[in-house]
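Chemist: Annotations per TrEMBL:
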- 338-350: compositional bias 'Acidic residues' (COMPBIAS)
- 7-701: domain 'Major facilitator superfamily (MFS) profile' (DOMAIN)
- 328-378: region 'Disordered' (REGION)
- 43-63: transmembrane segment (TRANSMEM)
- 75-94: transmembrane segment (TRANSMEM)
- 100-121: transmembrane segment (TRANSMEM)
- 133-157: transmembrane segment (TRANSMEM)
- 163-185: transmembrane segment (TRANSMEM)
- 546-568: transmembrane segment (TRANSMEM)
- 580-603: transmembrane segment (TRANSMEM)
- 609-634: transmembrane segment (TRANSMEM)
- 646-666: transmembrane segment (TRANSMEM)
- 672-695: transmembrane segment (TRANSMEM)
Amino acid sequence: MRGAVLVALAATVGNLLQGWDNSTIAGSIPYIKKELNLQSQPAVEGLIVAMSIIGGTTITTFSGTVSDIFGRRPMLIMSSILYLLSSIIILWASNVYVLLLARLLDGFGVGLAVTLVPLYISETAPSEMRGQLNTLPQFMGSGGMFLSYCMVFFMSMMDSPSWRLMLGTLSIPAVIYLALTLFFLPESPRWLVSKGKMIEAKQVLQRLRGREDVSGELALLLEGLGVGTETTIEEYIIGPANEITGETDAKEQVTLYGPEEGVSWIAKPVTAGFSSLGMLSRNGSLANQTVPLMDPLVTLFGSVHENMPTTGSTRSFLFPNTASMVSVGENQGRNEQWDEEGDKDGEDSYPEGSRADSDDNLRSPLLSHQHSSMEKGISHWRNSSLVNSGEEGAMGIGGGWQLAYKWSEKIGKDGRKEGGLQRIYLHQEGTIGSQKHSVASSAGIDIHEDEFVQAAALVSQPAVCSKDILGQPSQGLAAIHPSEIAAKGPSCGDLFEPGVKRALIVGVGLQILQQVAGINGVLYYTPQILEQAGVVVLLSSLGLSSASASYLMSILTTFLMLPCIFLAMRLMDVSGRRSILLYTIPILVASLLAFVLGSIVTMDSSLKAVISTGSVMIYLSCFVMGFGVIPNILCAEIFPTRVRGICITICSLTYWIGNITITYSLPVMLNFFGLSGVFTIYAIGCTVSWIFVFLKVPETKAMPLEVITEFFAVGSKND
């Protein structure tokens, strides 16, 4: 996965610039006030700080939608250009108006980076390490803060520190970022698929994954184009075809193909269920929670992670020796033969115009007809797009999930048979074990060997052969080109799909509560807060001025953030997003209350400085581990591909509006409530945040993006 890691690192240079900017403006404000005579104009001071946030808010209103039209990469290029332009203007800023203009342009660059980098990483990273890579923006942002505070500290030791030079040095990393976006970053493969650019998407995936055969993941990206599909939960027993026999109607079974020549497996439906997913759906547990007010989605997602390993895995859980149930491994000749047969058999099944001769055409059906025996009423389908390398350890679609298809038939109202293709996301629920005889018997299945597993499945219509696109009931080959779907584009109506609405509640709620916790107010005014807290007492023996002492403490604080973020990076795909939030938010509350007690209780000034400074350091370090990074990670994961840009815009707007409110109001709040009162309000906000996370936020670690959105759809279908 070296390619995905390097691309993520390059993209997050934009976040390094954001952190650099946040710290530089905090450190340069005292010098700006002095030179531009703003001591008696606190509103102008606040506007200089908030102008970057205003710019970020303004550009966020359309950044997601524009990125859906033109792509993620062009928007990141634009972000780097805006960073560079703003830093150059600042170097020649002669008055406050030019400074405000430069800060506005800087805000445009920050807004694009903050909104699109997590989205870009989520769309390029493999599911098993998506959380880890999406922690990089926070790590790089804190790294930028550390480097910036170091620069400000050394400049503050000069006889005449220049705030123009402090802010203008942003141009150096901005040039590097521009070069990376122009010459190194590829376009998001999911965006390319959504526009029907299949060959380009395949080439990008090959680069990101470091292997030639990426057709399995390509098929998954195609399935992510649907919004609001009717999804049901089913249960299966899966084993070698020659080991599972029984009375189950052959029409109901699904044939799965492995890498060895002539080897296949049979998945048979089970009515007396064993899986936690199936029991949740069947027993009505989604409507009747053991924890009052807990969102059913939390329980639904949790039931999956109870049966997952503690680390993301690229191996197939269902068949660890076969890499993927639906791959043909090194038997490329057989695959090519089937593709040719599929083309021949399905020649009349292509909608008119779908075989357009273009560079983006795959020139082969997504699904190939392997065998059909209509006398017996059986249709077996083999997914020729899900071809893995055949090497042990190659992944299915990530996180233990496998993608398969089945052909289903029913009798219509006119008495005629109607057929349709169904897509299945399979997930292992464990081995049968002691339940072997009871479950198998209830399913009418005789098991002769122990080579079988239990699996839960999310079953729905495939996005690539829906009735809306074909204009007729789905039948024959799923040969429709994805550009047919891309032509439809997203619509506002998609936002009202139950699954999308539920995801928006989670995303917007997290962004609001992140700001209520007060992080941006603390970050922007860290030097002043530490100075008021008496930090100068700790460093007076070094002969530093109060301003330089506060900058030095800011350096130490941001430096301590880095190992905390690194730890979060290691835990993000192990413990999970939800668990990290539930464990770190109480520490935020405790640190804020410790600061308040240290401020209101009479004590020695040195002890008071230690408590106050330590509380702020602990608060910032724990915040960046959880609440600082996870809201953006989740917002980039929980929305369907077609509406992801619009939904990200809504969540980002919420972030920026909250950011403006907290930053601009902090000086007023400090005057009215005092530092202790402000921190008490933040502690209450953190408490409310913990309750929201516990009741409403599901765990998404190691799950493919397309599976996550399916869970939101099935968990919200009764809304």
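Note: Cβ is positioned from N, Cα and C throughout, glycine not excepted.
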Chemist: Tell me, please, if the transmembrane segment (609-634) and the transmembrane segment (43-63) are in contact, taking contact as 3+ Cβ pairs under 8 Å between residues separated by 6 or more positions?
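Modeler: No, since the transmembrane segment (609-634) and the transmembrane segment (43-63) share fewer than 3 Cβ pairs closer than 8 Å, they do not count as touching.
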Chemist: Which residues, given as numbers and ranges, are at least 6 beyond the ends of the transmembrane segment (163-185) yet have a Cβ under 8 Å from it?
Modeler: 6-7, 10-11, 13-14, 16-17, 20-21, 24-25, 27-28, 31-32, 35, 73, 76-77, 79-81, 83-84, 86-88, 90-93, 102, 106, 144, 151-152, 155
Chemist: Please work out whether the transmembrane segment (100-121) lies in contact with the transmembrane segment (672-695), by counting C-beta pairs under 8 angstroms that are 6 or more apart in sequence and asking whether there are at least 3.
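Modeler: Output no: the transmembrane segment (100-121) is apart from the transmembrane segment (672-695).
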Chemist: Are there residues at least 6 beyond the ends of the transmembrane segment (75-94) whose Cβ is under 8 Å from a Cβ of it, and what are they?
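Modeler: Answer is 11, 14, 17, 63, 66-67, 101-106, 108-110, 112-113, 116-117, 120, 164-165, 167-171, 174-175, 177-178, 180-182, 185.
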Chemist: Check the domain 'Major facilitator superfamily (MFS) profile' (7-701) for me and report the mean pLDDT.
Modeler: 74
Chemist: Quick test of the contact rule: Cβ under 8 Å, at least six residues beyond the ends. What residues does that give for the transmembrane segment (43-63)?
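Modeler: The answer is 21, 25-26, 29, 32-33, 75, 96, 99-100, 103-108, 110-112, 114-116, 524, 649, 652-653, 655-657, 659-660, 663-664, 667.
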